[in-house]
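Below: the structure, in C-alpha cells.
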Amino acid sequence: MTNYREIAWQGLWKNNPGLVQLLGLCPLLAVTATLTNALGLGVATMLVLIGSNILVSLVRDYVPKEIRIPVFVMIIAALVTAVQLLINAYAYGLYLSLGIFLPLIVTNCIIIGRAEAFASRNNAFSAAFDGLMMGLGFTLVLAVLGATREILGQGTLFDGADQLLGPWAKALTIQVWQVDTPFLLAMLPPGAFIVMGLLIALKNVIDKKLKERQPEAAVQPSVTRARITKVS
C-alpha cells in the first residue's frame with residue numbers, strides 16, 4: 001500500500017530535489033532573481049513533473065526496458081513544449097523573462113529521475129502525487145531563494161507579478177525598503193550560490209535539531225534462558 005504521507009515528506013523536506021538532491025541548479029540559480037520568475041519556473045516544472053509521471057506510469061508496461069529512457073525524454077519534451085506554448089500565449093512577459101531556461105526543463109534531472117525511480121514502478125495516482133510533492137518542494141525552494149534575492153537586491157517583493165497573474169497583480173508588489181542602487185551581488189548568480197548555501201546549511205541545522213529531539217530507543221537487556229533438565 002502506498003504511503004502518501006511518506007511521499008509528501010520525501011518531496012517537501014527529507015529528499016527535497018533542490019536542497020538535498022541538488023538537482024536543477026542551473027535554472028534554480030539563474031532565474032530566481034525575483035519571486036515572480038521563481039514561481040513561474042516552479043509551477044512550469046511542477047506541471048511537467050505531474051504530467052510526465054502520469055504518462056510514464058501509464059505506459060511503463062508497454063515500453064521495452066532497453067529504450068525506456070529515450071521514450072521518457074520524448075514524453076517530457078512533449079509536455080515541456082505544451083507548457084511553453086501555454087506560457088507564451090497567456091504570460092508572454094514571463095515567457096521572455098524565463099528565456100532559454102523554460103525549454104531546458106526537458107533536461108532537468110528531477111523530472112527524468114522521478115520518471116525512472118518512481119513513476120515507472122508505481123500506479124498513475126501515486127506517480128501523480130509524487131510529481132506534485134517533488135514539484136511543490138522544488139517550487140518552495142525557488143520561491144524562498146527568489147524572495148530573498150529580490151528583497152536584498154532591489155528591496156521589493158512580487159515585482160512583476162502582473163507577468164504571471166495579469167494586470168490586476170500589479171497591486172501585489174510590495175516595497176520592502178527604498179533602494180537607490182540595486183545590490184548586484186544578490187541579483188547575480190554568485191549571490192544565488194551564497195543564499196542557496198545558507199538555505200542548505202539551515203536545513204541541515206534543523207535536521208540535526210530534530211534528530212537530537214528524538215528519544216533514543218530503549219536498550220533491552222539481554223536475557224539468558226536457563227534450561228532446566230528433570231533429574232530422576
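Cβ from N, Cα, C; glycine included.
The transmembrane segment annotation in Swiss-Prot covers 18-38 (among others), and the record cites sequence analysis as its basis. A Cβ distance under 8 Å defines the sequence-distant neighbours of the transmembrane segment (18-38), meaning residues of its chain 6+ beyond its ends; these are 45, 94, 97-98, 101, 104-105, 108-110, 113, 137-139, 141-143, 145-147, 149-150, 153, 157-161, 163-164, 187, 189, 192-193, 196, 199-200, 203.
The feature transmembrane segment is assigned by Swiss-Prot to 39-59 (among others).
According to Swiss-Prot, the feature transmembrane segment maps to 69-89 (among others). Panel annotation: around the transmembrane segment (69-89), residues 40, 44, 47-48, 51-52, 55-56, 59, 63, 95, 98, 102-103, 105-106, 111-112, 115-116, 120 of the same chain, lying at least six beyond its termini, place a Cβ under 8 Å from a Cβ of the stretch.
If you look up Swiss-Prot, you'll see 93-113 (among others) marked as transmembrane segment.
Look at Swiss-Prot and you will find 127-147 (among others) tagged as transmembrane segment, backed by sequence analysis.
Here the transmembrane segment (182-202) has long-range neighbours at 19, 25, 28-30, 32-33, 141, 144-145, 148-149, 152-154, meaning same-chain residues at least 6 beyond its ends whose C-beta is under 8 angstroms from one of its own. Under the heading transmembrane segment, Swiss-Prot lists 182-202 (among others).
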